[in-house]
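Undergrad: Have a look at the structure that comes next, please.
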Amino acid sequence: MGQIHGLSPTPIPKAPRGLSTHHWLNFLQAAYRLQPRPSDFDFQQLRRFLKLALKTPIWLNPIDYSLLASLIPKGYPGRVVEIINILVKNQVSPSAPAAPVPTPICPTTTPPPPPPPSPEAHVPPPYVEPTTTQCFPILHPPGAPSAHRPWQMKDLQAIKQEVSSSALGSPQFMQTLRLAVQQFDPTAKDLQDLLQYLCSSLVVSLHHQQLNTLITEAETRGMTGYNPMAGPLRMQANNPAQQGLRREYQNLWLAAFSTLPGNTRDPSWAAILQGLEEPYCAFVERLNVALDNGLPEGTPKEPILRSLAYSNANKECQKILQARGHTNSPLGEMLRTCQAWTPKDKTKVLVVQPRRPPPTQPCFRCGKVGHWSRDCTQPRPPPGPCPLCQDPSHWKRDCPQLKPPQEEGEPLLLDLPSTSGTTEEKNLLKGGDLISPHPDQDISILPLIPLRQQQQPILGVRISVMGQTPQPTQALLDTGADLTVIPQTLVPGPVKLHDTLILGASGQTNTQFKLLQTPLHIFLPFRRSPVILSSCLLDTHNKWTIIGRDALQQCQGLLYLPDDPSPHQLLPIATPNTIGLEHLPPPPQVDQFPLNLPERLQALNDLVSKALEAGHIEPYSGPGNNPVFPVKKPNGKWRFIHDLRATNAITTTLTSPSPGPPDLTSLPTALPHLQTIDLTDAFFQIPLPKQYQPYFAFTIPQPCNYGPGTRYAWTVLPQGFKNSPTLFEQQLAAVLNPMRKMFPTSTIVQYMDDILLASPTNEELQQLSQLTLQALTTHGLPISQEKTQQTPGQIRFLGQVISPNHITYESTPTIPIKSQWTLTELQVILGEIQWVSKGTPILRKHLQSLYSALHGYRDPRACITLTPQQLHALHAIQQALQHNCRGRLNPALPLLGLISLSTSGTTSVIFQPKQNWPLAWLHTPHPPTSLCPWGHLLACTILTLDKYTLQHYGQLCQSFHHNMSKQALCDFLRNSPHPSVGILIHHMGRFHNLGSQPSGPWKTLLHLPTLLQEPRLLRPIFTLSPVVLDTAPCLFSDGSPQKAAYVLWDQTILQQDITPLPSHETHSAQKGELLALICGLRAAKPWPSLNIFLDSKYLIKYLHSLAIGAFLGTSAHQTLQAALPPLLQGKTIYLHHVRSHTNLPDPISTFNEYTDSLILAPLVPLTPQGLHGLTHCNQRALVSFGATPREAKSLVQTCHTCQTINSQHHMPRGYIRRGLLPNHIWQGDVTHYKYKKYKYCLHVWVDTFSGAVSVSCKKKETSCETISAVLQAISLLGKPLHINTDNGPAFLSQEFQEFCTSYRIKHSTHIPYNPTSSGLVERTNGVIKNLLNKYLLDCPNLPLDNAIHKALWTLNQLNVMNPSGKTRWQIHHSPPLPPIPEASTPPKPPPKWFYYKLPGLTNQRWKGPLQSLQEAAGAALLSIDGSPRWIPWRFLKKAACPRPDASELAEHAATDHQHHG
């Protein structure tokens, strides 16, 4: 009494010695049902009672708990009686249930009398197998508090230690889990952690699948407390407060173990082990195939494959995976890690590894001779005295002080002996089933067998079955085979065979191999005594003789792959003579992309290290660079990408000898024996000359640019170089050409690095294969043995499957039927359909319907909604893909062609008579023309079929079936001037009549009545008359981009009309002509016949094509073209082409000229308003164009553009030095002007005498651009004598000075931005910019060059200068003054007197008047104080008063040059 009950400090108390774990778990589970929980004292008393009970003869298996309860003494301490009572209630017995065990009473009460003893009380009843398992469900008393406690690591370790020796799903395994679940009450997450800690990923995946199934059934059935709105059961079970749902989830979690493979038998694919010499990729491929064939549907394959790829690998691969940390990584990482171990570059050797002989010295444990100390049976002596009791005869772990004191047992009802049996542990030999040979036995070592790429480990052995004489045979050594296989021919007489299921690389089979349970003796050449096997596999097809691991283990043979110590050597393939860089251009220098992500940089370094080890690259320090970067593939592996676009741009493209991939249907059925050869890393075997390394160099950067990068260059031909495929094809063709000559009856198909051999006999195929492999190996081309395939069976080549009489694609696309597609999705599915279209029985109209859905979309994320017609096309293509198949060529049968012309395209079929499948389906779109005759399409299709069949099959089609009627074809040949008429006449003897049915059972897939039905538009629309129709009216029509007009005439003009085209659209003359013809045909609709006269060759050709039957293609005028056939339907038409603008007096030319005049608009002269709106010229220019001074002033003042720009009407003026005649002195400057976010340089040159301007638009202000601008100004104005500029660097450069000297031009400089020295050119800059701003304000999209030319036209030739009344161009090109003879006096100029002021003086009084010597634009020459001097107009005033009628002109004369230059 007074014991404290609580949780046990350890998860699972240790079982008493001698009691099985399964029985102990039953006791513990019953104990944990007590409330309150049992204490350590209760477990100690239970262990004490069970130790005593184990010594009684009543202890049986299974235990009779009723009989065991009778052994409990009265007043036994603890709660042992309650635990046994729980077990009694739950035990199922065939007899009547035993009476409950009386509960121990207190000493104060009187116990009831004991029952009378029975003579058979100690004899247990006969055992009957219980109907239910002895496992209890998880049960908690009602109202008990939650016992949930998260796992700790010591708890998980204790549970894993308990289940480590039990099988998955066994009673011991399940009882341990139930006890742990009942004690800790875990949540769903805790159970998932426990499962991942105890089991492999394979078991976790299978358990997860079964648990989801049970949860779905439970949620459907309904559970107490389950709320579907609160989330799934797994989420609700994670809540510690949801005790009821958590217990339901715990029961489902335990029940999910009932269907795992460990409960009955491990699946066949779980026993696939990697052989000692088997490449890792081949082992993974066997696992993949086995899982595909044996895994239940819906089970995720990836985690199972990843788990088995590590656990079932050999020790060498497991060590490599552990070292790289890839024990549970993605499969791609594991394959890449073990790729270096693949025995493709190793020498395969078979050796016998005997046990070492025992030493001659005595064992230091027992002192005897003849064994190693590790095999000694004596226990290892302790190193010294025990640290606890100082006794040297035992270890510390065996010290008696560490053992609890043995309490004296209370007397039981029976006095039994205390001896107990001892259990001896089983000592297993090191190495499993391998038995070491006797020391006296001679050691046999197998001689080294070098294995090349084309050889297999084959030995000559002798096999004896059932004691018969040994028979010699050749056997294959295969470490991947679990059992030895012999052919049935070695078994004498009938024997009893057993069915068995064999799983290999090609899948499961239960017919070819049988199990032979008869002793078998195998005599090996390196072993004296035979290998004896109790059973083996029997090959009923007599193809295989294989020595498996069961025989190799007995002889202690080992296949291993020794490392090749030789360094990497470049394989002896010839160096190419030409690669396209013989002209040695400067190597490209492209900066490396930033790669600061640690993952990408690490992947790039790993890839470079592997390439460096393989000898594909080497350190480099020369010029040239192309960027590199890694790309992650879908399988998780990284791929090295070298961006060689810069190198490809300077490389000369070599002509490829390959015309493209071959059509595999051309393989004749007379070549049934096939074999494929796949080359690995083929490009990396072609050496690259040293002089080309700068073009293929790259840099590996340091992280965060902490240091200079590492430079490398390729030593072999890299991938990504545009001439690499061509060079490799040339090298491979040179290797295979001798084989083609040696075997003329065989065929060698070569495309890139894939090779297919086809021979008429198997013997010839073996010879061809051996010589081809030898030639490839000799030339240094590595061969992938894993991808080599050979008949019998299907051959996979270039994405297709080759069967004996037909060819299919490896995979056909799965088309989801939905109306909403993105542009990318639709493009991808159409690309997949295009790949398999040659074998899909579908018409072109279905494909064209889907292709048309792509029109108008550019954004890859754009959503496309399919129409009902396009959805129907998807259904039709999905049904046709189920019949995707093509036949192989039969050389004895001719080729036939079937052509179906339709408005959506042409469908062609190449087939042979009486064959099950056609050879090819070809879909051809219509040419991109607005109108194409049907006869031309037929001729083009015939040429396409002849080219295809001649290229792929070596012969032409014997005949063609087509859907063009004989009448339509004859009309086309008789009436059409098309060049294709000669082609059709040449092939007329190969045509069948319309609707003739081709032979072959595949025709039921075509719906031939629909396929060969003649299109309605193929028939002619109207009839052409060769002569003029006297009773029909005449129609004349013509059109322009603005108008369309027609005239209908019959002795008189019946009707004429002019139709304007919409002004907001862009039109062409063809559209106007087509619209005019349509309007005229509508007016002539009542007449059944019509004479049409046109001057448009386009319409004449178009109508001729419609008359002979043509296809209406896509065009910009498709809407108008579609309106023509209904208007012409059934009419008789005479067409006549008229030459325009001939001015001939005949009636046809006269009416044609009259029709043309209806659409011609008269040329209206430019008005002053239009001139100012076009050029924004000044008032005097408008007056010269006929406007009055008042109208000109009003136009300038009311112009919105002129008021917006330069509204002040003021420009800076200055005093400058002017020339005395044109091209005397120029002034130049460079001003900047911003146009559409770009700044341009305007080079401005002004003649100081006439004011003529030249402007050049340049992008820079260099000396070269300045010289170019001067030359352009000279071509416009003439060569100057003197130029004046500022002191800019372009004008002061040596190049510009040399230019001026060579052209004899004097150059001087002035102060920039000074009105007294550079005023003229600065003012001209402002005038030009103002005009440009005005033009661009009126028309923002006006090109800058056009605006500059318009400004020059306005300044030089339109604006009138004051007071000369001439334009700058007139002044600049005015004739020179006649020379004045020395003898004669010069003519006196008309007297012109001016008052003047001197510039720069503060005196405001007018002086003079003086008579002017000469006048120019902006100034007059006066003689002041005896010296001539130019005075600007603003400092001059006429001495004579102006006339009254010219007052208005004088008023505006002073400001016109300021307004507009």
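Glycine is no exception: its Cβ is also placed from the backbone N, Cα and C atoms.
So Swiss-Prot has the following annotated:
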- G2: N-myristoyl glycine (LIPID)
- 94-97: motif 'PTAP/PSAP motif' (MOTIF)
- 94-121: region 'Disordered' (REGION)
- 97-121: compositional bias 'Pro residues' (COMPBIAS)
- 124-127: motif 'PPXY motif' (MOTIF)
- 130-133: motif 'PTAP/PSAP motif' (MOTIF)
- 361-378: zinc finger (ZN_FING)
- 384-401: zinc finger (ZN_FING)
- 399-425: region 'Disordered' (REGION)
- D678, D753, D754: Mg(2+) 1 binding site (BINDING)
- 1029-1164: domain 'RNase H type-1' (DOMAIN)
- D1038, E1073, D1095, D1156: Mg(2+) 2 binding site (BINDING)
- 1218-1387: domain 'Integrase catalytic' (DOMAIN)
- D1229, D1286: Mg(2+) 3 binding site (BINDING)
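Locate each feature and note its surroundings.
TA: Residues in the zinc finger (361-378) partition by DSSP class (helix H, G, I; strand E, B; coil) as 3 helix, 0 strand, 15 coil.
Across the range of the zinc finger (384-401), the DSSP-based residue counts are 5 helix, 0 strand, 13 coil.
The secondary structure of D753 (Mg(2+) 1 binding site), as reduced to three states from DSSP, is coil rather than helix or strand. For D753 (Mg(2+) 1 binding site), the same-chain residues 6+ apart in sequence whose C-beta sits under 8 angstroms from its C-beta are D678, L679, T680, A682, F728, L732.
For the domain 'RNase H type-1' (1029-1164), DSSP puts the residue distribution at 50 helix, 36 strand, 50 coil.
Proximity of D1156 (Mg(2+) 2 binding site) to non-local residues of its own chain (separation of 6 or more, Cβ distance below 8 Å) is seen for D1038, D1095, S1140, H1141, given in sequence order.
In this structure, D1286 (Mg(2+) 3 binding site) belongs to neither helix nor strand by DSSP; it is coil.
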Undergrad: With every protein chain in view, what's the tally of Cβ atoms within 10 Å of the Cβ of D1229 (Mg(2+) 3 binding site), excluding that atom itself?
TA: 23
Undergrad: For the C-alpha pair, I'd like the distance in angstrom between E1073 (Mg(2+) 2 binding site) and D1286 (Mg(2+) 3 binding site), rounded off.
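TA: Computed Cα spacing between E1073 (Mg(2+) 2 binding site) and D1286 (Mg(2+) 3 binding site) is 60 Å.
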Undergrad: Cα of D1286 (Mg(2+) 3 binding site) to Cα of D754 (Mg(2+) 1 binding site): how many Å, rounded?
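TA: Cα of D1286 (Mg(2+) 3 binding site) to Cα of D754 (Mg(2+) 1 binding site) measures 73 Å after rounding.
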Undergrad: Whose Cβ lies within 8 Å of the mean position of the Cβ atoms of D678, D753, D754, the Mg(2+) 1 site, other than those residues?
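TA: Everything else in range on the chain: T676, I677, L679, A682, Y751, M752, I755, S784, K787.
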Undergrad: Suppose the Mg(2+) 2 site is D1038, E1073, D1095, D1156. Which further residues of the same chain have a Cβ inside 8 angstroms of that site's Cβ centroid?
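TA: The surrounding set, listed in chain order, is S1037, G1039, A1076, L1094, S1096, S1140, N1152, T1155, I1159.
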Undergrad: Tell me, if you would, which residue among D754, D1038, D1286 (binding-site residues) has the fewest other CB atoms within 10 Å in the structure shown?
TA: D754
Undergrad: To the nearest whole angstrom, state the Cα distance for the pair D754 (Mg(2+) 1 binding site) and D1229 (Mg(2+) 3 binding site).
TA: 70
Undergrad: Helix, strand or coil at D1229 (Mg(2+) 3 binding site), per DSSP?
TA: strand
Undergrad: State the count of C-beta atoms found within 10 angstroms of the C-beta of D678 (Mg(2+) 1 binding site), not counting that atom itself.
TA: 17
